[in-house]
Amino acid sequence: MVNSAFTAWCVPCLASNETLQEICRKESLICKCIGINKKNLNNYEVEYLCDRKMVKLKIHIKSVGHSAADFLVKKAKQRIALKRWEEELNRKKSHNGMLYVENNVDLEGTPRDFFYINDYKTTPGVITLGEAIVGCECTDCFTGTCCPIEAGVVFAYNEQQQIRIQPGRPIYECNSRCKCGPDCPNRVVQKGPPYSLCIFRTDDGRGWGVKTLQKIKKHSFVMEYVGECDPNLQVYNVFIDNLDVRLPRIALFSTRSIKAGEELTFDYQMK
């Protein structure tokens with residue numbers, strides 16, 4: 001019989017089965033609930049293969065010291081933490097591309113003091129209108145008197161939505177007041193990054209970097225810089241809803257064709 005005066009409850013374990021299995025093997029404990037028995041107690045997961053060679057050799061588990069076991073446990077915990085952070089980033093994003101996290105260098109966990117945001121945050125004392133006052137009436141922004149023309153500048157993109165103006169020239173995109181729809185060729189930066197990107201741990205002591213997981217064509221929009229070499233990205237000032245020339249959005253466009261897996265970089269000493 002179950003006493004109805006009490007409610008059954010449980011606390012979920014924050015460790016995965018993989019982590020618990022590693023701990024059991026380290027302490028030589030058998031636990032049928034997570035699949036550890038006498039037969040597989042001494043079976044260890046291979047973290048990675050640094051080389052392959054077929055040899056006739058018997059390896060005793062006692063030869064694997066506590067330091068190796070500790071490393072495996074820490075690596076498993078790191079993978080869990082980075083995976084959770086990756087899932088959090090993708091829940092917050094508002095663009096089509098996926099975000100991945102990778103650390104094949106050390107045991108460093110998620111980056112400290114890093115907060116993912118989708119839009120700009122102004123500092124105290126800075127006031128923005130937040131919404132455009134006027135928009136274009138175009139049915140075809142390539143041929144009509146569109147926002148760039150009204151602002152006294154040239155149209156920034158070609159028909160493939162690649163940047164065609166020189167660095168230093170501003171980009172005026174169509175805004176929330178414009179009559180054109182979401183497929184307007186003058187709406188590029190506001191749609192967000194179109195590529196899947198990976199935040200990865202660099203192997204030369206620079207900390208964390210970003211690389212693309214897809215090939216990027218020359219002069220294509222890659223991402224916005226919303227922070228508070230040989231560069232493959234160029235910085236452009238973009239105006240969409242806010243037309244205050246003192247408060248541009250900062251967009252990064254490719255300066256050349258970029259291969260999948262290549263790190264994304266830009267010159268901090270931008271003009």
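Using N, Cα and C of the backbone, Cβ positions are placed for all residues, glycine too.
No curator has checked TrEMBL annotations; they are predicted automatically.
Annotation comment: TrEMBL describes 134-192 as domain 'Pre-SET'. Sequence annotations record features per position, and here TrEMBL assigns domain 'SET' to 136-269. Per TrEMBL, the feature Zn(2+) 2 binding site maps to Cys136, Cys147, Cys174, Cys178. Here TrEMBL flags Cys136, Cys138, Cys141, Cys146 as Zn(2+) 1 binding site. What TrEMBL lists as Zn(2+) 3 binding site is Cys141, Cys174, Cys180, Cys184. Summarising the annotation, TrEMBL assigns Zn(2+) 4 binding site to Cys229.
Annotated features taken from TrEMBL, shown on the structure.
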residue	record	Cβ contacts under 8 Å, 6 or more apart
Cys136	Zn(2+) 2 binding site	Gly144, Thr145, Cys146, Cys147, Glu150, Cys174, Cys178, Lys179, Cys180
Cys138	Zn(2+) 1 binding site	Gly144, Thr145, Cys146, Cys174, Cys178, Lys179, Cys180, Cys184
Cys141	Zn(2+) 1 binding site	Cys147, Phe155, Cys174, Cys180, Cys184, Pro185, Asn186
Cys229	Zn(2+) 4 binding site	Thr265, Asp267
Additional residues around Zn(2+) 1, ordered along the sequence, whose Cβ is within 8 Å of the centroid of Cys136, Cys138, Cys141, Cys146: Glu137, Asp140, Gly144, Thr145, Cys147, Ile149, Cys174, Cys178, Lys179, Cys180, Cys184, Asn186
Other residues, Cβ within 8 Å of Cys141, Cys174, Cys180, Cys184 Cβ centroid (Zn(2+) 3 site): Cys136, Cys138, Cys146, Cys147, Cys178, Lys179, Gly181, Pro185, Asn186, Arg187
Average model confidence [pLDDT] within the domain 'SET' (136-269): 89
Greatest C-beta neighbour count within 10 angstroms, which of the binding-site residues Cys146, Cys147, Cys174: Cys147
Neighbour tally for Cys178 (Zn(2+) 2 binding site), based on other Cβ positions within 10 Å of its Cβ: 21
Neighbour count (Cβ, 10 Å) for Cys184 (Zn(2+) 3 binding site): 20
Cys180 (Zn(2+) 3 binding site) CB neighbourhood, other CB atoms within 10 A: 21
